[in-house]
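**Student:** Quick one: the structure is below, questions incoming.
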Amino acid sequence: QVSRLAELPYSSCSDEDDDGDPPCRDMTQQDPGPWCPPRPSPFSRCVRCLTFLWNLLFLLLGLLLLALGVWGLLAKAAQHLGAPLGSDPMLLFVLGGLGASAVSLAGCLGALRASPCLLRFVLGALLTLGGLQVLGGLLLVLARRRLRDLLRDLLLLCLLRYRDDPDLQFLMDEVQRSLQCCGLGSYRDWESNPYFNCSAPGVQACGVPGSCCQHSAQSGPVPNAQCGFGALALGPAAAGAVVHVEGCEDALGAWLRGQAGAMAAGATTLVLVEAVGALMALRVLRD
């Protein structure tokens, strides 16, 4: 456009031409030239910088989550342990890390380059995620009884496949060690496990895992895995001196009820953080 302006004929305008006609119009006024957007205000630049840093933080967290999931999958593959890939819980870390990294990377590039397409993608992803979280929270409140049945089924699965799945074994050990309980309803439930049944071959027969023992939490970094051997052959009084005889179903339910406020506060904080990110992306998009 500048080159076009240079080629246009220049006419000197005066109040009146020599022939008495009205003053001529400058040809350069017919082309206003390139349009320049207004410079953003300091507040807009600050919001854009905060949006970039916000997305950068969650990009790093997403990459960390992705690395943790990949490390878990590779570690299990090297040891030939674990469930198939489709049901491996480490796959959730991988998918969550990929999703968080993709959205955060789009947010970083959108804030850095002021790209409306990327900013709309980030805004839509945050609104969708926040809506799903609110919907999930409402479903949990409305289906409390169903959730209790699901927890019971999960504990039963952990008990039956204790030696077959390392993830379920880790989960059951943590529950029994933290809540100081054993089995589902009582320590006698371990008779349902084929490795701990009294008719099973091996030294684990008529025993319970070491996480059921009374002092398993204070036994150091390497707990005594044989402290529960033979506990099923003892009576309730004698077994109570060695292992925890109470079941984990009631203990886990009581713990979840006690942590309901903390979990609700954490979920609310997460939704508010996502709302802040959505508002910053919306402001940059409007600018």
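Every residue, even glycine, has its Cβ placed from backbone N, Cα and C.
Reproduced below are the annotations present in TrEMBL:
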- 1-36: region 'Disordered' (REGION)
- 52-78: transmembrane segment (TRANSMEM)
- 90-112: transmembrane segment (TRANSMEM)
- 118-142: transmembrane segment (TRANSMEM)
- Cys182-Cys198: disulfide bond (DISULFID)
- 262-285: transmembrane segment (TRANSMEM)
**Student:** Looking at the stretches 52-78, 90-112, 262-285, which one shares the most CB pairs under 8 Å with the transmembrane segment (118-142)?
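**Tutor:** Between the stretches 52-78, 90-112, 262-285, 262-285 has the largest tally.
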**Student:** List the same-chain residues at least 6 positions away in sequence whose Cβ sits under 8 Å from the Cβ of Cys182 (disulfide bond), in sequence order, or say none.
**Tutor:** Gln176, Trp190, Val208, Ser211, Cys212, Val243, His244, Val245, Glu246, Gly247, Cys248
**Student:** List the same-chain residues at least 6 positions away in sequence whose Cβ sits under 8 Å from the Cβ of Cys198 (disulfide bond), in sequence order, or say none.
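**Tutor:** Residues satisfying the criterion: Glu191, Ala205, Cys206, Leu232, Ala233.
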